[in-house]
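See below for the structure under consideration.
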Amino acid sequence: MLAAFISRVLRRVAQKSARRVLVASRNSSNDATFEIKKCDLYLLEEGPPVTTVLTRAEGLKYYRMMLTVRRMELKADQLYKQKFIRGFCHLCDGQEACCVGLEAGINPSDHVITSYRAHGVCYTRGLSVRSILAELTGRRGGCAKGKGGSMHMYTKNFYGGNGIVGAQGPLGAGIALACKYKGNDEICLTLYGDGAANQGQIAEAFNMAALWKLPCVFICENNLYGMGTSTERAAASPDYYKRGNFIPGLKVDGMDVLCVREATKFAANYCRSGKGPILMELQTYRYHGHSMSDPGVSYRTREEIQEVRSKRDPIIILQDRMVNSKLATVEELKEIGAEVRKEIDDAAQFATTDPEPHLEELGHHIYSSDSSFEVRGANPWIKFKSVS
């Protein structure tokens, strides 16, 4: 179904000019300049640029990454319904421009922490599809050895996946404090949703980050619904980019990977200059419900979802740009689609056949190093044994 959808889209792109993309100029055979939406600003005299250059290599990379995240999430949906995945599972299809654009705007040595809707960020931070799907199915080959599941995945310079709404806010500020304490040039992206924006601990993190001028980019992924509650019903002020009060803010088109990239570069440079934290609101949209137990159509209409798919889909926006600026051909994008499909299928095969972890694995990685003391007379390294 997805393959047919993409094929129709690519044929349409090839037959007529892009509706949503303005090509400012064509520099060479390997890059093109595009106009992007201007960001709304708060406590800032100037913001990110309104034009940006996209190279062919960058465009192909972003397209592959966004398509991989989309298909990975759809495969996770399938595996959940087949009962290979149990427990909580929050999908981010529709929000691919956020995770890909954010990663494109920072360095690998920078740090990222996010909420439980973490699969896309896990992938863009460097985890393989195989290790992500295997973690979802609770297998040994998962990035957390099958013990973390959907909400608790980790890799180098990525700190999860956090199950408590808004809890990553203070943690992100703490990571930024470590960066400042060490005196390096690194920053921390701290992501949270529009629902978490109403949590008190987010405001507390704002306060300490501003007080100590921490290199922290607070990022509100506003997908318009906190679980099943719209932003208009939950927030006295839905202008989340102004919620920092004394922290400058940007409102960004979160459905445009280039807009997210340029805004992230701007915010990262702001933090690296020693000015303290900055707040970004990414206006985005999730196609699935809040979680797998939420059909996602009781508080919004199917027509609303379809309108976003047809007019603002982040993958289609990039496809339009690539094809109409001749940075890529329809055939090239189809080939990438076939390669991504195979990668996802192979990863799913691994995730459903790899062995589950041994029971005693539950007792591992509780302490960072061997404990030289006893806790209330108990040996903390006693292996868990089956009661059967």
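Backbone N, Cα and C atoms are what each Cβ position is placed from, and that goes for glycine too.
Record note: of Ser28, Ser298, Swiss-Prot gives the feature phosphoserine to Ser298, with no matching annotation on the rest. Looking up Ser293, Ser368 in Swiss-Prot shows the phosphoserine annotation sitting on Ser293. When Asn223, Asn269, Asn324 are compared with the thiamine diphosphate site residues Tyr116, Arg117, Gly163, Val165, Asp194, Gly195, Ala196, His290 in Swiss-Prot, the one appearing in that site is Asn223. Of the candidates Ser291, Ser372, Swiss-Prot marks one as phosphoserine, and that one is Ser291. Long-range C-beta contacts of Ser291 (phosphoserine), restricted to its own chain and to partners at least six residues apart, with a cutoff below 8 Å, comprise Phe88, Cys89, His90. A 10 Å radius around the C-alpha of Gly195 (pyruvate binding site) takes in these recorded positions out of Tyr116, Gly163, Tyr225, His290, Ser293, in sequence order: Tyr225. Of all the recorded positions listed (Asn223, Ser293, Ser298), Asn223 sits in the most crowded Cβ setting, with the most other Cβ atoms within 10 Å.
According to DSSP, Tyr225 (Mg(2+) binding site) is assigned to a strand segment.
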